[in-house]
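Right, one structure below, let's go through it.
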Amino acid sequence: MTGKNQTTVSEFLLLGLPIQPQHKTLFYILFLAMYLTTMLGNLLIIVLIHLDSHLHTPMYLFLSNLSLSDLCFSSVTMPKLLQIMQSQVPSIPYAGCLAQMYFYLFFGDLESFLLVAMAYDRYVAICFPLHYTSIMSPKLCFCLAALSWVLTTFHALLHTLLMARLSFCADNVIPHFFCDMSALLKLACSDTHVNELVIFVMGGLVIVIPFLLIITSYARIVLSIIKVPSARGIRKAFSTCGSHLSVVSLFFGTIIGLYLIPSANNSTVKETVTAMMYTVVTPMLNPFIYSLRNRDMKGALGRVICKKKIIFCL
């Protein structure tokens, strides 16, 4: 079958989550609530940053892009999962499966690159506060954000095109709640060595390198604080970096635990639960992390509410 471009599979069957039938209604309500919370929370951040001029800074430019990425990242998988749980129809068309894989990779990679840009922004703000405005110019911020979108486009497209060249002959059951790339490769009946090599090489570029860049940025921040220790400096560092570090830990912690620290007893259930962490839980928690621990966001919310009250009274 090697070398054939055509597939005899017109659709795949997503098994979804390993949930007992008597518990499906409860989990459906839970996941629906989580998805709605993710949508509303990230939309709130985007709207606040757009409406409040105090938040028109590099840090919040990246945060608005991150919120948009989280919103879309969750929307790639959750609606289909909810549909499967409600209608008991686990099928997804072949083209739809490839499209889901593309956007899953796209928004997952985008979040990785945006977290790097945010780490660099915090590094400049703390280590070079007097030159922050000149270094983090609007042009540089736009270029960093645009570069993140462009790089992720090509990376996701590369994997999708390589997957499209494979043949799928008989087995079309995916033991996952979305079209995961590794699960699809296991179903292919043609040679997947090229795909596996690209995954290994590109995985290092979009996961390991961004993670190392973030660690390097925060290592430089810590060294800067140690050189001139002060209670005010430490408080400033924690207040500006705490939220970002929490998001980095959630996002990269689950991905590294699943993909870069392989375990002999890794089961499908464990992989599915871990995937749920960074595709559903992390995008939902990000708005709470940034709003509850960020005085600027809470202040912006208060100002927007006050303006709405004044307009309503008039």
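Cβ coordinates are placed from backbone N, Cα and C, and glycine is handled just like the others.
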Which range is it, out of 62-86, 237-261, that shows up in TrEMBL as transmembrane segment? 237-261
Over the domain 'G-protein coupled receptors family 1 profile' (41-290), what does the predicted model average in pLDDT? 84
